[in-house]
Amino acid sequence: MAELLVQQLVNWITLGCIYALLAIGFSLIFGVLNVIHFSHGDVAMTAPFITLALAQALATALGASGPAWLVLAVPVAVLAVGLIGVLLDKVVIRRFRDAPAMMALVATVALGIVIRELIRHLYPQGSNPHAFPRLVSGMAFEISGVAISWFALLVVVLTVALVAMLFVFLRMTPLGLRIRAASEDRVVARMMGIRDARVFRATFFIASAIGAIAGLLFASYAGVTRFDFGVMAGLLGFSAAVIGGLGSMPGAILGGLIIAGIEVLAQTFVPDGASYRLVFVFLLVIAVLIFRPAGLLGRTVMEKV
Amino acid sequence: MQGRASPDVPGIAAATVFAIASQIIGAAFLYLILRVDGGWQVVGLLALLGLGFYLLERLPWIADYALASFARVPLVAMITAAVIVLAFPFFVGSNTYILHLLIVAELYAVLALALNFQLGSANIPNFATGASYGIGAYVSALLAINFGVSFWLTLPVAALAATLFGFIIGIPSMRTRDTYLALVTIAFGVVVQQLLNNFSWTGGPNGLVGIPAPSLFGHSFADPLVIFGWKLPSQANFYYLSAALVVVAIVTAHRLHGSRIGLAWNALRADEIAAKAQGINVAWFKVLAFAVDAFLAAFAGTIYAFYVSYISPDNFTFLVSVTIMTMVIVGGMDNIFGVIVGAFLLTILPEKLRAFADYRLLFFGVVIIGFLMIRPQGLFPQRMRRYGGEP
């Protein structure tokens, strides 16, 4: 029992960190643009494909396939996805920042379709699932008879490092200050001489790059990736961001951990729970929003006339 | 029009000619786009359609003139519409594929009109219309398969079940709003779809098979329809049935729009706090919008189930709800005619894009984004409410 518990605890933390990284992207973009970037999950899930394609290309160009190419491909893919995010913002999403919220939602859902279809067509045999290797393999150490994998360790360390970096960036750099200002009030920020185009670019780059890392970890955790994994990744990340409270970083992390927690709990303790796990997750989402309509850590804005 | 005396109110004769001619042209266009199957012909027709909307945009008096003529001779307009709808299958003849497309388009028109009460009139997001649609389909199919209940009896039962579901989704809507409410409805939609996918008594991922065809006055809907010696394929039965449902939906939408309920929804859309201050029971009208949406969606679901006689959870996913939302937004929120055009366009377009085979979903996504960017208010923007006197 203790073994099972520890094992599930590790699963929970690993998955929770991945969801938290996805949720941070949603929250960051919503905070600044007030737009739900529903295709964020799809953007994130392009990262595994770009990595695979790059590793493949490197292997054929330089010969001698090996995990080394993968390690080389990962940072390039993360950068590329960050730039994809910036491009999507410039071409599509920014135009909806002042439109009714539903319009932006539908537009980004359509954008998600476009991204998925592009992956399907551009990647060779894109309709099929593709194996994605663990970024690191092997066991790190043991806790009460349960071996903790390097991968789980990597996920946790990477998440903590990214969150810390994001925190420092938002709190202590001039650009971070501008992002926070624009997130507080875009119009006033503009009056203070903050160029919002730059803020949007930076926000989308950071959010998409973090999403790319989450997407790589997600594919690595599942061991496989497919062109339409972005739908679920997006829905779960979005849910995590919303139940935590949109625009709140600690909320995004909390939301990710909660969503992962209920998923792992359902899989472990409910008979046949694996097939019902989404039911539990989304029932929890509904319950949270009934009692905390602005999310757990979200600011409840009293509307005044 | 709109309270001001417009100098160009058409005469009775001109109005009659315009009302008949414009509808025949519209029907002919629909017929053509359904008939062609070469990729470039579709592109050409779409370009023609684009040109039409461009003209409407540039010359707004065309729309005013059209509305004025229809208002001048409403009876003529309605009779023409009825004749066109009734006669359409005779022109299509034995081409069952076109009839199938038309039936699906009609059902989507009903779904879009249902969602329009919320999204259009009250600006409440709802990503669970697909779920209500599914509940309607499953309830009626289960009743028919397990208990042999006739189609006509399952209709109200399915509608009641879905309405109950609508009330349940409506409850969180009293507290949450905008994005948060959107997520609640998404969550409801996913939960329903996942449950349908996992329960054994709903057939799981395999769905339900062998839903018996309905019959009316001894005429089974699976048999060809024979009218005055003309023999129409069996799909024609469902074509007329769904057309009747569209008419019911239009009348409902029209009456609700003109009633205090429609007015209350519009007030909610304009400003919730102001509406509350006017003494409108905001919570009740929000929940009511969900219930009406689910009620109509269940009707469409029931007809769909009996028409294809096979349903599976894949027919009622989150993407179906998104498609319905897109129809309302592309067509024009709170505009009954626009919503129907949106539903027809977005049902037929992906099918016609089959000429582009594998790329059609990609195309579809690009077209939607393009629409939202170029014409964010929809093809047919809502008009100002007319208070009081007829022109």
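Every residue gets a Cβ built from N, Cα and C, even glycine.
These come from TrEMBL:
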| type | residues | note |
| --- | --- | --- |
| TRANSMEM | A:12-36 | transmembrane segment |
| TRANSMEM | A:68-88 | transmembrane segment |
| TRANSMEM | A:100-123 | transmembrane segment |
| TRANSMEM | A:143-170 | transmembrane segment |
| TRANSMEM | A:199-223 | transmembrane segment |
| TRANSMEM | A:276-297 | transmembrane segment |
Top Cβ-contact partner of the transmembrane segment (A:68-88) among A:12-36, A:143-170, A:199-223 (pairs under 8 Å): A:199-223
The transmembrane segment (A:12-36) versus listed stretches A:100-123, A:143-170, A:199-223, A:276-297: most Cβ pairs under 8 Å: A:199-223
Selection from A:100-123, A:199-223, A:276-297, the stretch that has most Cβ pairs under 8 A to the transmembrane segment (A:143-170): A:199-223
Beyond the flanks of the transmembrane segment (A:100-123) by 6 or more, those residues with Cβ under 8 Å of it: 34-43, 45-46, 49, 52-53, 88, 92-93, 130, 227-228, 230-231, 234
